[in-house]
Amino acid sequence: MPLPRGVPVAVPCRHRHRLASPTSWIESDALAQCHQVAALDGMIHVAGMPDLHPGKGAPIGAAMMSALLYPFLVGSDIGCGIAVFPVRLRRAVPERLAARFPDLDRALDPERDAADPAWAAVTGDVPAGHTDGLGTVGRGNHFVELARIGAVFEPGHASRLGLDAGNLVLVVHSGSRGLGERVLRAHTEAYGAGPAPDPAAYLARHDEVVRWGSLNRRLLAARVAYALGFEPAEPIVDQCHNLVETRDGGYLHRKGAAPGDGRDVLVAGTRGTPSYLVAAHAGPDANHSVAHGAGRKMSRADALRRGRAKHTVDELRRTPVGSLVVCGDRQLLFEEAPSAYKRIEHVITDLVDHGLATPVATTVPLVTYKTLDAGGSRRPDRRDGRRGRGRP
DNA sequence: ATGTGC
């Protein structure tokens, strides 16, 4: 089948270039990355989501359809996704619940933690036999969040999901904790950024990693459920936004783009603003995908520099919606500040305006767990908030 | 987003 080259980039956003206006802007760097990807051998169609932003070599917030499979387009965190679990708790006082959150930086050890009830989430074998890091949330933009259903836009749809205004949910955003990185590295060491000569072999390992990511989100939810005192349950939604799937005889790569073909997706806001549960109905123009979150507006370095000038640690740990952010790492707190992200409302408006999704309900944060660690080799606490590099 | 190196 002959395939076109140098295809156009469809960016379903109100604004196609970096703008000074506070709407969902698209950085020119990210757009340039889309055009680079569009020029790859075999590329058929590149769709940028409203949360598009620059990544390492490939854009984040993009769905890329190609006749050839390019592992680097999915990146190292294969299997990363967002799941939403029902929470049956009577009262939800953020301070009390934050204090009861389990340590999600510490892996569940099959031997030492053999008696932990959260293991019930594992039915069958652990994919790839990979028990390292099981039950940990990771870093970066990953989080585990107890939230309350806020606005309900589609009551019928929400009820079918078992959700009504005021209900509590647990939102889990986590990936494959190093396992996907191994799979990408194995390819990259042999073929660099080139396509997979044996797509089936890559896909076999990739699919295991995707299953591992989903299992780990269930484990995280189970750990939190037992610690907070409610029964673990199956997720209401669980969509992976870093993966490749076979479709129409080609390979659809999603990098920070959620499957949008008739599925329900949680589009993550920030640690301090609501997230949106949407019914996605994206067609071929958007490569059957929708945004996965608010999308970074600033690089981590910029967010750190500007955040330190603009925010105090206290105001980032107690947010405008009244939620608490459990984050021992001050640097991460600044990097992940709500002001480092686009406004989620604009991303959702863009999805709606382009007919890609219908908002069902919002989830409003109560407690967001990021990490208890103070961060790498950095010093745990410095008066001025500046980071030392390494210990004395 | 990582594990790893300064």
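Cβ atoms are placed via backbone N, Cα and C, with glycine included.
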Listed by TrEMBL with A:Asn141, A:His142, A:Phe143, A:Val144, A:Glu145, A:His241, A:Asn242, A:His292, A:Gly293, A:Ala294, A:Gly295, A:Lys370 as binding GMP, from among A:Ser214, A:Ser275, is A:Ser275
Whole-number Å distance separating the Cα atoms of A:Asn242 (GMP binding site) and A:His173 (Mn(2+) 2 binding site) is 12
When the Cα of A:Lys370 (GMP binding site) is compared with the Cα of each of the binding-site residues A:His142, A:His173, A:His241, which one is closest? A:His142
Record-annotated GMP contacts A:Asn141, A:His142, A:Phe143, A:Val144, A:Glu145, A:His241, A:Asn242, A:Ser275, A:His292, A:Gly293, A:Ala294, A:Gly295, A:Lys370; largest Cα to Cα distance in whole Å is 20
Validating a neighbour-count step here. Other CB atoms within 10 A of the CB of A:Glu145 (GMP binding site): how many? 26
Among all protein chains shown, how many Cβ atoms are found within 10 Å of the Cβ of A:Lys370 (GMP binding site), not counting that one? 26
Looking at the binding-site residues A:His142, A:His173, the one with the fewest other Cβ atoms inside 10 Å is A:His142
What is the interatomic distance between the Cα atoms of A:Asn141 (GMP binding site) and A:His173 (Mn(2+) 2 binding site), given in whole Å? 8
